[in-house]
Every structure is written in C-alpha cells, then in structure tokens.
Amino acid sequence: MATTEEKATTMAAASAVANVVQDWTVVNAVDRSSDQHHKRATISTLIGPVDSMPEPSANVSTKGIQVMMRAQTSHPLDPLSAAEISVAVATVRAAGATPEVRDSMRFIEVVLLEPDKNVVALADAYFFPPFQPSLLPKSKGGPVIPSKLPPRRARLVVYNKRSNETSIWVVELSEVHAATRGGHHRGKVISSKVVPDVQPPMDAVEYAECEAVVKEYPPFREAMKKRGIEDMDLVMVDAWCVGYHSEADAPSRRLAKPLIFCRTESDCPMENGYARPVEGIYVVVDMQNMVVIEFEDRKLVPLPPADPLRNYTPGETRGGVDRSDVKPLHIIQPEGPSFRVNGHFVEWQKWNFRIGFTPREGLVIYSVAYIDGSRGRRSVAHRLSFVEMVVPYGDPNEPHYRKNAFDAGEDGLGKNAHSLKKGCDCLGYIKYFDAHFTNFTGGVETIENCVCLHEEDHGILWKHQDWRTGLAEVRRSRRLTVSFICTVANYEYGFFWHFYQDGKIEAEVKLTGILSLGALQPGEFRKYGTTIAPGLYAPVHQHFFVARMDMAVDCKPGEPFNQVYSIHS
C-alpha cells in the first residue's frame, strides 16, 4: 500500500529535518456535478496543509553516540510496494522447475512477512518515527545499533493450475530499486513448501470464468429457457465454495456450487439482480479445469416478480420515491486536520500507530501507542485486524443449507476493497492510502484511495452544570477513524477503527448491501426465513467476525507479552 502524495510544509525537529509529501482531500455530502472541482478548490483555499512529521536523517544522535545510518525507504511494517510485489512474483516464477510449472503458476496472495517484534522496536527507536530509543531494553555496554535493518520479506500463496497444488513461498527482498529510477530488481527464495489437500482463496478471474462456463452449458440454457429466460446477459452466476458435506467435497479438488440469479433489464447496470434468485438448479463446477461436472434441474420454482423499486439509481426507474428534503451538509476544518501523517505513521492527539493492509484482512493497525504525559509513550497493541468472518445460513432447504461463507479466507476482504474516491464514503478532511495487490497471473493492481483516515465529531465528551450558579461547561468529543469498505458478492462490509480522546479504541463493522435471498412457490411459507416481498424471502443467517488483537498493554522494552494488573476499586 502506498500514499498518493502532494507537497506540504516542513517541520524542524532535533533529530531530523525533511520535506514530507502528503495529500489531503476535502469531501462533503453534496452532489457530484461538473462544478465540484471548483467547489473543492474554493474550500481548499481556506485550508492550509498541516505540519508534516520529520523523517530520519543520515545522522541520528543517541546519548552522545554518533551513528551513521543507511537510508531506509520502507519501515519493516509498511505494506509491500508495487515494485516489491513484482520482485517477489518474478523471483518465484523464475524458480519454477520447468516452463510448464512457471506458466501454471497463479498468484493468490503476495503479502509482507511481518518481522520479529525486536526488529520493529529497532526501527521505531532509531530509523523511523517515533524515534524512541527507550523502546529497546537497556544493556551495560550501551545500545548496539546496526547500520541497517534486516531485508524485508514477502510471503506468497501460489496455486498451480496444472497440478492443483498450493504452495507457500518466502522471498527475501534484499535489493529492490524502482525501475523508474534506473535501478534493478532482485529477490531470493528463502523457502517453499507444498501444502497438501488444501485450496487457496478463489480469485475474481475464476469467478468470471465460472459464470461464463455455466452460461454456455447447454443443459443450463435449457433449464433457464423452461423458466422463460433466454437472454444470458441477464443471468448472474455467483460461484460459492463447495463447503464440506461429504468426501465428494474433499479439498483435494477445487470445486464450486454456484447460486443463480436473473435481472429483468439489460439496459440497467445497477439493477438488483439478487432480488430474483433462480432456484431448483444444482450445478457443480470443477474450478481447476473450468468444466461443469454435475448438473440437475431438480425443481421448477417461479422467479419472484419484478419489483418496481429494484433499481439502485435515482430517477423514474425507482417509482419517483427519491428524497428531496435532505439539504447539503458541509464538513470543513479551516485550519486543517489535527492528525499528522508520515508515510504510514499516524499521530493524532496522544495516539500514534501505523497503517497496514493485506489482501485477506484488509486494514491492519500496527504499533498502537499512547503518549501519557510524564509517563511517556505507553504501548497498547502490536497489531489489530479482522482476520476472518463466517456467515452460516440456518435454512435447511436447498440450496441455503450449504451456504456458509468464509468471506476473508475464501475471498479476501482486502482484495475486494473499494476505491473510496467517489466522495460519499467519508466526509470531511481526509487522508487516503492506496493498496497494491497481485492479480491471478502475477501482475500488480492498485486500489486507489482504499483506506480513509479522518476526524469525526462524536457528540459530548464531558459536561457539567453547577446548580448553584447556573454556569455550565461542556467539551466536545472527537475521534479519529481509519476505515475501508469491501464487497463480497451481495454484501458490503465497512470496517472502522475509532480512536477516542478518553483513551478508548473501538472496532466497528457496518453491514450493508443486499441480502442473499430465496424464491418461494405461490402460497409457500418458510419457517427459517422472513418473507420480504411476493415470492421472495430472506433465510435466517448470522455474521461472525473474528478479530485478531495482539495486545501489548504497557509492555516493557524487549518483552513480547502483556503486563496484567489486578485492580480492586
């Protein structure tokens, strides 16, 4: 992940003076007409750039010890850059034993292999902000400071489409120079191993190929024709992982059991096709060879009737129900935001932390700390993220009993993240971060403005009125929010980490998008679902979110574990 950059002001510090580039975006909930750029420019003239944070200089003084540092371009916890991803992919591909093996490689995930915590402490002590030598344990002979940090490493999940094997690779990125600067790329394979009887996450390329294969399958076309559907452009085929219901579903094969839906209008790209599920058709697809291996037309269930409000877009297609009583809301900060950003390092109020991103988890928060007056920097957490979520469906009827989506492990929350540059996902004075991923064939793709950082007013933090004098004091509450949003098929998930002025950290998940629905026969009622429209019901289901919280509350230097105290009050 990388930040989009634009020049900002500089700030002198005792340890370093540097020009740091940043970008800031002002977004308000107003219409996105052609004059929006002019409106933004007008607002931006009221706002000056905030003070940037210092970068490390070549000379860092530590209690009289003069150390010559080699320039460090990436913090050990920074997400892999586009150049590093390319190096890792090229290194693994070159290590393939034969041309056939190399051509069969499909790259599921290329992610930073996170270093040991002592490496992070060393980087934060002497190479990068917050420049805190106290992060390292004291020694009798004084600190031993290396001239450079260990090389960064990448972890790759590779699927061999020919052999149906999944392998894990570790590549050391010992020398990575941007090609645009006339340099060269070089990496070294540290380890590789084949993991038997597993399947890695599905890729968007596979989903598209699966849809095409099913639509071209003659028995499927005949089954759709029986339901009055002949235009295959209206048909939506969502590949769902097969689950495990018998030995036939063993992970030795890469299988999918798709769900079928059908839109009503070919000229409306934003129609809610999920409101018209096609039931009674059973399909199994071999995703390795992209062929239909099982097909049954089990039961003819009528399609739910078209809903006049089925379209997302405003206008006459929605039946004239658009709201006209909501006035524009402008959120501006004339003096700029209160947070400061240097690369992926963020400071706000007394909080500081680093922002990361992975294809599976999406947003990761590293090295969370709180500056507590005379007590100095107090560690809070090494790492915060959501590593998995599962959505089990409770309707025992076909096909819903087998719907059990692991949206992080099977699809990837990060790989399905949105670009938030549209304007209405975040409001106010915003800092965006981009995210880089590998695609199925090893190329690099970038999601611009993938992570949003901004401040929010959060009501009243504290208030008191003296009943004798009638005088009152009130303090507004403000929080810093880091967020991203992803889409997995029908559902949208917004993940938000909030940092508060009273020392609280809050994780919030917002569910939006569309329900995964089922069709009903005329007069039919389902015990384990809710009828939401004629011929249409929503099966009962749950969402379980798994948070990984590697806490470090008041960890002492060199100690990887928490300090726990029992307080009786």
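Heads up, the Cβ atoms here are built off N, Cα and C, so glycines get one too.
Keep in mind that TrEMBL annotations are predicted by a computer and have not been checked by a curator.
Residues or ranges marked as active site, schiff-base intermediate with substrate in TrEMBL: Tyr491. Counting only same-chain residues six or more apart in sequence, the Cβ atoms lying under 8 angstroms from the Cβ of Tyr491 (active site, schiff-base intermediate with substrate) belong to Val391, Asp407, Leu511, Thr512, Gly513, Ile514, Ser516.
Feature annotation from TrEMBL assigns domain 'Copper amine oxidase N2-terminal' to 75-173.
Among the features that TrEMBL reports, domain 'Copper amine oxidase catalytic' is placed at 329-556.
Feature annotation from TrEMBL assigns 2',4',5'-topaquinone to Tyr491. Following the DSSP three-state reduction, the secondary structure of Tyr491 (active site, schiff-base intermediate with substrate) is strand.
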For the domain 'Copper amine oxidase N2-terminal' (75-173), DSSP counts of helix, strand and coil?
33 helix, 26 strand, 40 coil
